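For reference, the structure discussed in these notes is given below.
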Amino acid sequence: MPSSCLCDTFDIEAQGGDPAAPDPAATDTLAPAEAPAPAETPAAADTTPVAPQPGANIQAHDTPGFDESQAPDTKTDLTGLFTEKPQSGEVAVGENINFVAKVNAASLLKKPTIKWFKGKWMDLASKSGKNLQLKELYDRNSKVYTFEMQIIAAKPSFAGAYRCEVSSRDKFDSCNFDLTVHGGLMASGSGLPCPPVSSFCASASKSQVKSEPDEDVWEILQKAPASEYEKIAFQYGITDLRGMLKRLKKMKKEEKKSEAFLKKLDPAYQVEKGHKMKLCIEVANEDVDVKWLKNGQEIQSTGRYIFESVGNKRYLTINHCSLSDDATYTCVVGDEKCTTELFVKEPPVTITSHLEDQMVMKGERVELECEVSEEGATVKWEKDGVELTRDESFKYRFKKDGRKHVLIINEATKEDCGHYTVKTNGGESMAELMVSEKELEVYQNIADLTVKAKDEAVFKCEVSDETVKGIWYKNGVEVKADARTNITHIGRIHKLTIDDVKPEDQGDYTFVPEGYAFNLSAKLNFLEVKIDYVPRQDPPKIHLDCMGHTADSTIVVVAGNKLRLDVPITGDPAPTVVWTKGEKVKLLVFLSKGDGRLHVESTKGHCIFTIEGADKQDEGLYSVIVRNPAGEDKADINVKVVDPPSAPRILSVGEDSCVVQWDPPKSDGGNPIIGYVLERKKKKSYRWMRLNFDPYTDTTYEAKRMTEGVEYEMRVYAVNAIGMSCHSAASQPFIPVAPTSEPVGLCVDDISDTTVSLKWRTPEHLGSSELDGYGVEYCKEGSDEWVPAFEGLTERTSVIIRDLPTGEKMQFRVRAYNTAGPSAPTSLAQAVTIREIMQKPKIWIPRILRQTLIKKVEETINLVIPFQGKPRPVITWSKDGEHLNPKQVSVRNSDTDTILFIRKSERKDSGKYEVKLQIENVEDTASISIQIVDLPGSPEKLKIMDVWGFNVALEWKPPKDNGNCEITGYMVQKADKKTMEWYTVYELYRRTNCVVADLIMGNEYIFRIYAVNMVGLSLEPCFSADSAYIQKTGFEYKPPIYKEHDFSEAPKFTHPLVSRSVIAGYNATLSCSVRGIPKPKVTWYKNKMDISNEAKYRMFSRQGVLTLEIRKPCSFDGGVYMCKAVNASGEDAVECKLEIRRKYP
């Protein structure tokens, strides 16, 4: 299964190989400096490891007290490349840890290649970042390569099983090690870190994840055609499909009937990773002992494996199942056994970060990004329900980066609009993409300027697109930047600045946006000022802004925006400035009181007044007064604050739309409102998407193209000639949902004098909202007054309406209800008359009862006889013309059937049973024959009629009691009086006389016979009264005396092991044959290490043929395998070399 992301944060989770089951072939070699002491006291072995100090850089090492069952094998590998292998380690959250591997390259022809993996296959080479560093060093003197993996600021999710692989040409080696992170929140009993809470809180607005009941993957694969296997593997997260199909083929073989087992294991079981599994069998003998095997190796009782014995039931409980528990389990009772396959299913891949709705302009690049719970997971992308693939033009690109998956559209077009869905085997997420044509809006036009010599002239405009470039022209000639002319483009604002204005700068200036067929124009007027030296003071003068405003101009500001009044002034000496509002209230008073929103600033030639975040109370008439000794000047400025519209209200919702309404703003800012702009977003999203680009004039709007069942919010802007207001408050969240379609198939199921029974089927379209129930109404024919049949709603699809007036014609209808309200009603085609209809009685005898029903003694008889008839008929049962005995036979009747029940049948229950239905003078009868059978009695009067040669003639009479069924044959058996061991001569003999031949001369025989019928053998046989002696021929044979021969023989292999080369991932077998007397003891070795108790290997011995099965070998299972046979007369051994080739070269 895929793992989680390890891009920049190294946020990984345990996956693939389980630390509880390391591969026995992957062996580690301890460096001399790290070898344990020869003797270690028990106290030292049980010492709890001390947590490292914060900030420490920890080297992986053997930890005292580490559970050996959870650690990889550290025995010496004779064929390995490592001179030092990385060791399992522990680290606290936030600490650093290093893993070091060393390889001696003196004997290698080329530089070794190393790979670090987490779990089974997740390569960490591309995951280097701030949490993971991979280093490589080379010592030229010793020719030793040192490879280091450093984990920085460990997190609980880093814990798990790791693997290091090194290869050089045809040489290969690998080792496993584990990382334990202390201090993180751990899942109960699993050893895995708990995922973040947010990963389990995916909003309905992001994904529609259906909760389905657990399904048996084995059963699905058994029923599915071969063409569906790949699809099922993706849906249920199966990573080893080929292995599962091999095991499935074995499961389909039928097992023979067992005498030791009353109930065997099912062919296969499946369990979620981390959950508990309980296997149960029933044995015939309560005192018998059973053995449990895993992959052919006996299981020992531990904390994870628990054996229980309750009566004749035997249980094996496996706690906290991991991937190592995915194996073949066998229960052995004496010489019999039953086998099952346990499939450990990893959790489904869920979507932790969902897709977001996007609105882009035509030609822009689009990236739809999501994040899943496991790294390397397989996902599917769909557009409007159609799967996306890489086409020839590379229209779509799929990017995978750890847990992140990105769909890239290079140049969006109108055809790319639609709903995009990403799917995993554990959920899906949907987002909408809207592509709009580029329409450039002018937020601020350039204005005419009148400036004096040596002043600065600034032309400024603002457009809607930040990426749009433009060209400035003067009198039709392009303006180039120079020492006095500066052209800037910052975001959406374009500026043309001319310093030290001269008369030749006067003219018409134009700004032309690139790619658009319009321009913005303004005129620069040069103001000539003649300066004469007058030895007197200049009175102050206010020059209102050069955009053409007069002294009584009105400045409009949107509520929440900054208000900045920049007033040019002149005067010598520099005048003092006083700002007032309304009734001559000095604004400096507000400043002195610490109002942080107001700022007054005076510079040479300018006085600036600023209000941060203007609101309605800032509206009014502002006056600016400038004074100096030569006089004073005054100007009034009217400020108007435009309110945003009120929060929109949701009037109604549909399947993919809603109707929204709002109130106009209280103030239009001095300019009439020309329209509104609306935006929407998903409740859990942060991105607002505009619904209209042109101002919408009405205050009621229908928003469409929403996703049913997803929660949304709306907000609105007001637009006038000045610009857009700030947005309103968001509306209350709402979910687009439509009523269901009408129920279907409404019909009358039954009718009586006062009741009607109706039934129907669920609507064909339910939508995303759950069905609350159904409402049933009725009215008299010709009336429009519909009356509810009952209070509230019913969840059932059938109902009985009672207390109706007899003889009236009534009409009925049904509605389905959900959160959106009632559906359209479905009605009966015509009115129904409330009156019970006479129906002739009729008995429907099931096909199986149309012939004699045969049951064994003490078996249960349960006969269900359906019938029809109205009103309810009178039902009478009889047997052979007599009434039934209520102590032996029970009868239960209903409106539609009658049941005859006998708990323990007896021979006397055989006979002909009659059932009779009667409605007034009309009746119907039916008969059923029942035959109760039992074991037959013993045959009678077995006689020996004649003895000649080696033959005996027998004759007998049939039993008096045939068990109430035909005698199908007899079993004839003989026994020598010396041994009294019985042997069957004839198993199913039809006649009542026979000849027993091929008897042994000189022996005396007795005989017995059993009667056989369809139930079985008679309880007691019939024995012959006399015995038959086979006479000798007249001479006595004396056998020669031989000296007892010594058959003992030392073991010798008659067929050796053969070296093999196999492909990784497919089961491999090694076979040889041996002979020896007595039977030798056989032991298997890998690289001279005993592997008899390793779970990965299964050993078989049949008639001297020895087989070693290696289950799903991987690259580090290669090596030298040896088979050794030993008995009292000697020993012998053979060996071979096993090479593992990679699955994909």
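Placement of Cβ uses the backbone N, Cα and C atoms for every residue, glycine included.
According to TrEMBL, the features are:
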COMPBIAS  18-50  compositional bias 'Low complexity'
DOMAIN    72-180  domain 'Ig-like'
DOMAIN    280-333  domain 'Ig-like'
DOMAIN    347-441  domain 'Ig-like'
DOMAIN    540-638  domain 'Ig-like'
DOMAIN    644-743  domain 'Fibronectin type-III'
DOMAIN    744-837  domain 'Fibronectin type-III'
DOMAIN    841-929  domain 'Ig-like'
DOMAIN    938-1033  domain 'Fibronectin type-III'
DOMAIN    1051-1139  domain 'Ig-like'
REGION    1-80  region 'Disordered'
Number of helical, extended and coil residues in the domain 'Ig-like' (280-333), per DSSP: 3 helix, 28 strand, 23 coil
When counting Cβ pairs under 8 Å to the domain 'Ig-like' (280-333), the leader among 72-180, 744-837, 841-929, 938-1033, 1051-1139: 1051-1139
Segment-segment contact (the domain 'Ig-like' (841-929); the domain 'Ig-like' (347-441)) at 3 or more Cβ pairs under 8 Å: no
Most Cβ pairs under 8 Å with the domain 'Ig-like' (347-441), selected from 72-180, 938-1033, 1051-1139: 72-180
The domain 'Ig-like' (347-441): DSSP-derived helix, strand, coil residue counts: 3 helix, 49 strand, 43 coil
Number of helical, extended and coil residues in the domain 'Ig-like' (1051-1139), per DSSP: 3 helix, 58 strand, 28 coil
Averaged pLDDT score, the domain 'Ig-like' (841-929): 91
